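J.: Handing you this structure, nothing more for now.
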Amino acid sequence: MDLMQMDKRLDSTEQVVEEIMRIHRSLPARPGIDEVEAAKGLIDNVEKEDQACLEAIARQRKSSEVPGELFMVLQEMKKGYVQFRSKEQIREALKLLDLESVHSLFDDFIQRASNCIASPSSNGSVSSRPPLPPATTTAARSDSQSSLNFSERAPVRPKDMVSRDDSFVTKSKPSSLYSDGFAAPPRRPQILDSTLTTGNDGEKLSLIKLASLIEVSAKKATQEINLQNKLTEQLEWLPDSLGKLSSLTSLDLSENHIVVLPNTIGGLSSLTKLDLHSNRIGQLPESIGELLNLVYLNLGSNQLSSLPSAFSRLVRLEELDLSCNNLPILPESIGSLVSLKKLDVETNDIEEIPYSIGGCSSLIELRADYNKLKALPEAIGKITTLEILSVRYNNIRQLPTTMSSLASLKELDVSFNELESVPESLCFATTLVKLNIGNNFADMVSLPRSIGNLEMLEELDISNNQIRVLPDSFKMLTKLRVFRAQENPLHIPPRDIAEKGPQAVVQYMNDLVETRNAKSLMVKPKKSWVQMCFFSKSNKRKQSSMEIV
């Protein structure tokens with residue numbers, strides 16, 4: 001508003017009314033109902049979070065080696081930072097509520113002005129001017145789509161505006177009191193983030209905008225929300241109102257900076273897909289076990305060091321990604337996930353896979369690369385549905401004999417371990433198509449004699465071991481199309497044959513065995529005169545004994 005017009009002389013009612021409306025139009029757009037609710041809920045959230053942080057700070061105890069004054073300085077700094085952070089988090093919410101308060105106040109002013117115009121004037125005349133229409137507010141955008149995907153944005157088109165208070169709604173034509181022909185300036189809905197109206201480089205969602213989005217999504221019964229890499233770096237936690245999204249089936253919050261999830265996440269009762277990869281989550285709330293319809297859960301690339309016991313309740317879960325965390329163990333409850341088809345726990349600190357893994361009776365793919373495994377449980381043989389097993393870069397010395405029961409196994413990768421041998425029982429897993437036992441270095445000196453049973457094998461990697469001789473049954477691997485044997489002291493077949501490719505090796509082994517068999521048939525051992533004499537004496541004795549009988 002132009003401050004120079006504040007002392008402008010107004011000689012008529014029309015001028016006063018126009019000035020009132022000019023001042024009113026100068027206000028920023030009024031926040032929507034959902035925004036106001038979100039702001040109030042956000043402030044409550046922050047207050048609870050602050051209280052929890054302050055209580056945690058108060059519980060900290062000083063070590064005997066730390067000076068009391070120094071420890072007190074640290075405590076006060078932590079408290080000061082919590083207060084500073086909370087002010088930053090609610091700054092937008094407070095500003096929004098202040099704006100709503102001003103609009104409410106101006107509503108009263110407009111109503112009073114309308115009453116003055118409608119009532120007899122001070123000079124005894126009655127104004128012929130109609131009452132002033134009330135201020136309007138923004139309304140939630142009515143959208144036929146049931147998903148909000150911030151990766152695919154479309155322009156927001158203004159819809160009909162509605163009043164915050166229905167008693168103020170006027171359906172008459174705009175009054176001619178306004179020079180522009182409108183009762184109030186058109187306002188674009190504020191509930192959605194600017195990324196919905198701009199290009200791919202739109203600014204990211206702040207806490208208040210996220211809270212507003214949740215409110216409007218809850219009322220619209222939104223089914224899908226994609227906020228991948230769409231939250232500001234300062235946004236480390238999610239508002240409790242997240243639990244209102246009971247109709248949500250898919251939620252993508254990946255590639256943000258989330259540290260903690262609210263307990264109310266259990267309220268997402270319809271959720272089937274939850275993607276939280278590439279955040280900084282250190283612990284999961286027990287309420288995650290209430291997501292009973294969850295089918296897909298991606299928690300990769302976080303900072304998890306444990307899993308809640310409630311995990312066992314996710315019996316519909318089919319895909320679970322726990323890769324790139326700090327997990328030292330997998331809980332026994334993992335065996336309760338009877339619908340699980342794909343489990344990825346690579347790049348953790350896991351030393352042992354629990355025996356209960358045998359309860360994952362639907363498991364098709366298990367990846368546990370880059371851990372500290374020393375062995376695989378015998379129960380692995382119970383998972384007859386398993387097709388892919390990858391345990392690269394571990395400390396495994398031997399494979400369980402029960403692997404012969406893996407009737408569906410197609411791919412096995414145990415490279416970069418400490419394997420001393422491959423059990424003969426593995427050769428009963430005749431469905432194997434890919435086998436990688438390379439890079440076990442000095443520990444691996446031979447292949448199982450019955451490796452030829454793996455007639456479906458197409459890829460075999462035995463590189464960087466100490467294997468000198470291939471077994472005779474190798475000739476049966478007629479489907480082999482990839483064979484890596486470099487950095488082995490191979491004697492049979494010779495290195496030049498191995499370099500010609502897998503079929504050359506198979507043919508060489510076949511020719512070698514046939515030649516050896518042919519020689520063994522041609523060479524018949526001759527009896528010595530001692531053997532002949534002994535044989536004839538023996539026969540004579542047998543014959544005479546038969547005659548006596």
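Each residue, glycine too, has its Cβ placed from N, Cα and C.
Okay, so Swiss-Prot annotates it like this:
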- 119-140: compositional bias 'Low complexity' (COMPBIAS)
- Ser167: phosphoserine (MOD_RES)
- 119-167: region 'Disordered' (REGION)
- 293-313: repeat 'LRR 3' (REPEAT)
- 362-383: repeat 'LRR 6' (REPEAT)
- 407-430: repeat 'LRR 8' (REPEAT)
- 432-454: repeat 'LRR 9' (REPEAT)
- 455-476: repeat 'LRR 10' (REPEAT)
- 478-500: repeat 'LRR 11' (REPEAT)
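Show me how these features fit into the structure around them.
T.: Long-range neighbours of the repeat 'LRR 3' (293-313) within the same chain, counting only residues 6 or more positions beyond its ends whose Cβ lies under 8 Å from a Cβ of the stretch, are 254, 269-287, 319-328, 330-331, 333-334, 336-337, 344.
Mean pLDDT, taken over the repeat 'LRR 6' (362-383), works out to 97 on the 0 to 100 scale.
Long-range contacts of the repeat 'LRR 8' (407-430) within its own chain (CB-CB distance under 8 A, at least 6 residues past either end) are made by residues 364, 369, 384-401, 436-440, 443-456, 461.
For the repeat 'LRR 9' (432-454), same-chain residues at least 6 beyond its ends with a Cβ under 8 Å from one of its own Cβ atoms are 392, 397, 409-424, 426, 460-477, 484.
Away from its own ends, the repeat 'LRR 10' (455-476) comes close to residues 415, 430-449, 482-493, 502, 505-506, 509-510, 512-513 of its chain (Cβ-Cβ under 8 Å, at least six residues beyond either end).
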